[in-house]
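All remarks here apply to the structure that follows.
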Amino acid sequence: MTRLSLLILKLLLILIFAGWVSLWVLKPTEFWTRKWKGVEVKASTTAFGYNGLDFVVFTFPLIVLSILGFIYLELRRGEPRNRLGRTTPFTALSSPLLVNRYIGILSGAQILTSSLFIMLIVWTFYVRVSNDLKKMTPLKSFQLSPWQYKLFRMATRCGLLSEACLALMLFPVLRGMSIFRFLGIQFEASIKYHVWLGSAMILFTTLHGGGTIFIWGIKHRIQDEMWKWQKKGRIYLAGEIALATASAMALTALPQIRRKWFQVFYYTHHLYVVFILFFLFHGGDRHFYTVFPGVFLFALDKLLRVVQSRPETCILSARVFPSKAIELTLPKDPRLKYTPTSVIFLNIPSISKLQWHPFSITSSSSVDEHSISVIVKSEGQWTSSLLSKITHAEEQDSEANQRRCIPVAVEGPYGPASMELLRYNNLLLVAGGIGVTPFLSILRELSCSSSNGRNAYPDRIHLIYTIKKSQDVCLLDPILPLLLDIKQFHTKLNVFVTRENQIGMTLRDVLNDVPEAQTTTFSTAGTTYAVHGPERLAWMAAVTAISSVMFLVSLVVFNHFVITPAAAQKNPSSQTDLLLVCSFAIAIIFAAIMAITLRWKRVTNKLQLFSDKQTKTVKQSSLEASRDLDEHEIHFGGRPIFQDLISSFARETGGSNIGVFVCGPQGMKESVALACRQPQVSQRNVKGKKPNFSFHSLSFTL
């Protein structure tokens with residue numbers, strides 16, 4: 001019954017999405033313009049109003065997609081977590097087809113989707129400009145020549161292209177909403193789509209504004225037109241403010257600025273509120289309803305995340321490794337379950353009340369029922385402040401041998417809806433530096449599954465770990481029990497130390513030489529709350545549905561009591577825009593009341609006492625006694641040759657289904673992707689089987 005329901009929901013989602021895309025294809029045509037104007041005129045005479053019609057047609061389909069997506073993911077979560085089967089032609093689209101140092105790694109699905117979007121952009125621009133030129137009537141006030149008129153219309157139509165980019169730009173940054181989660185694309189991987197769409201929007205917006213100002217300059221009308229705040233139609237000043245704020249956000253988002261001055265990027269990016277508001281005033285409510293789905297769902301997502309992060313919890317313990325990495329352990333509600341490779345966002349008010357930073361979870365909810373752990377590498381200003389805070393607390397004396405509580409707010413976990421890695425018979429995990437953290441949760445989850453016999457354990461697991469210094473190998477401490485028992489867990493490790501050259505050293509020698517991590521335990525007297533995670537998906541679907549209905553009801557009320565058909569002709573267009581903002585605010589306030597009520601009903605369990613066994617490391621005697629540790633390899637003075645390693649792993653596995661997961665620098669990801677595509681690696685073995693590689697790129701930074 002569940003599978004039938006999932007199939008019906010999936011078909012329904014596909015039909016709704018196809019209908020929404022059809023609207024974008026038809027919208028530029030003269031046929032749509034004629035028919036739609038007639039429908040809007042009829043709707044204007046009703047309490048529903050033309051704006052209610054625009055909301056239902058342009059906005060509501062994507063909100064329905066989100067609601068049904070929540071229901072789909074909730075039903076899918078109830079399915080047994082077993083081997084999902086072999087890859088299909090559709091999953092093969094996720095394999096890299098294009099690897100380039102400038103573009104990055106592009107899969108078949110990304111190339112196909114990008115091509116379709118570019119075709120939609122070209123189609124919209126061509127049809128709009130063609131229709132404009134067929135009825136070319138130069139503006140009387142400007143007295144434009146034919147070439148000036150053509151340039152002016154093309155600049156105007158570039159504004160519609162930026163509108164199309166903005167309509168999709170906010171969906172990739174939704175953390176809790178289901179649009180991208182339904183497609184199996186996680187938040188940290190979808191950020192690049194936000195960057196692509198944002199870059200395209202800035203390009204089209206600049207062409208739109210620059211072309212318009214250029215025509216004003218030719219006609220010596222810049223001073224007359226630039227400062228206009230018209231009562232009807234396009235408000236030029238609002239468009240200029242929107243362009244200025246968008247340019248500021250784009251400039252500070254450049255990698256060179258974002259990485260060096262993250263706080264400048266972070267705070268400047270909050271100008272999106274100003275940008276969206278003045279985009280509404282400039283484009284008008286009719287154009288705004290096409291981009292409103294992303295704005296509405298983003299606001300709900302932001303609201304639910306704020307509510308979810310309250311009340312604050314505390315850090316139970318912190319282990320400081322010799323490599324200046326810190327393992328933080330937080331209390332968790334035993335009912336909270338998450339999948340490997342999930343991430344959480346942390347905010348420590350004593351360091352910064354506004355900054356949130358994502359970290360991969362290193363623990364497993366199947367192993368650690370009452371705690372959740374992440375590893376933080378001290379590199380930037382925020383993480384360095386955290387290390388200093390913990391080190392300072394460790395140096396303080398305390399009678400109870402416990403330090404004062406460090407409050408922390410938590411968002412998440414956010415992760416895949418299912419155990420995607422169970423699809424593969426064999427796993428090849430490639431990590432660089434702190435990029436090993438997602439694989440710690442994978443291996444711990446799989447070890448628990450193997451011990452309990454719940455899931456089909458992979459036949460072979462090969463972890464390739466590249467580090468700069470040998471002391472960085474200490475980050476493997478959480479999975480040492482797996483490495484000490486190869487027969488049970490089938491896990492092979494290859495470590496490559498790139499900046500040291502120690503002849504004759506084994507992995508056992510390196511582990512023995514690495515100093516033990518220093519553990520600091522903190523008091524929990526300051527809070528009684530644990531990490532509870534997001535609300536149930538069914539409740540999130542209900543909040544989304546009810547708040548969208550409240551928005552529509554508010555619009556109907558305003559249409560009936562505030563904007564009468566007679567007054568609509570006299571009132572400024574910005575008044576209608578403000579009423580849309582008021583309806584939006586009412587819907588969000590109503591959603592906030594529901595979310596807060598649900599949250600406080602859920603947060604009822606007291607904080608569970610922390611067990612010391614959760615922070616204990618593998619004892620030195622275990623390292624000495626284990627012979628399996630000698631089966632693992634460590635290499636000094638060079639980087640791994642991925643083509644040879646992957647080819648060797650393919651021969652060992654007998655040409656079966658291999659899942660390749662990579663987390664590390666972009667250059668490492670590109671090297672592994674290229675190696676998987678080499679003909680030598682994909683050769684058939686003696687049994688005639690050809691290895692099937694499924695490439696997955698994981699991110700530990702945004």
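Residue 1 is the first one shown; counting continues down the chain.
Backbone N, Cα and C define each Cβ position, glycine as well.
Remember, it's a predicted structure, so these values are computed and weren't measured experimentally.
Within the set 195-215, 657-677, the record from TrEMBL flags 195-215 under the feature transmembrane segment. Across all of the domain 'FAD-binding FR-type' (299-420), the predicted model scores a mean pLDDT of 85. For the domain 'FAD-binding FR-type' (299-420), the number of residues in each DSSP class (helix H, G, I; strand E, B; coil) is 26 helix, 40 strand, 56 coil.
Panel annotation: around the transmembrane segment (55-73), residues 6, 9-10, 12-13, 16-17, 19-20, 23, 177-179, 181-182, 289-290, 292-294, 296-297, 417, 537-538, 540-541, 544-545, 548, 551-552, 555 of the same chain, lying at least six beyond its termini, place a Cβ under 8 Å from a Cβ of the stretch.
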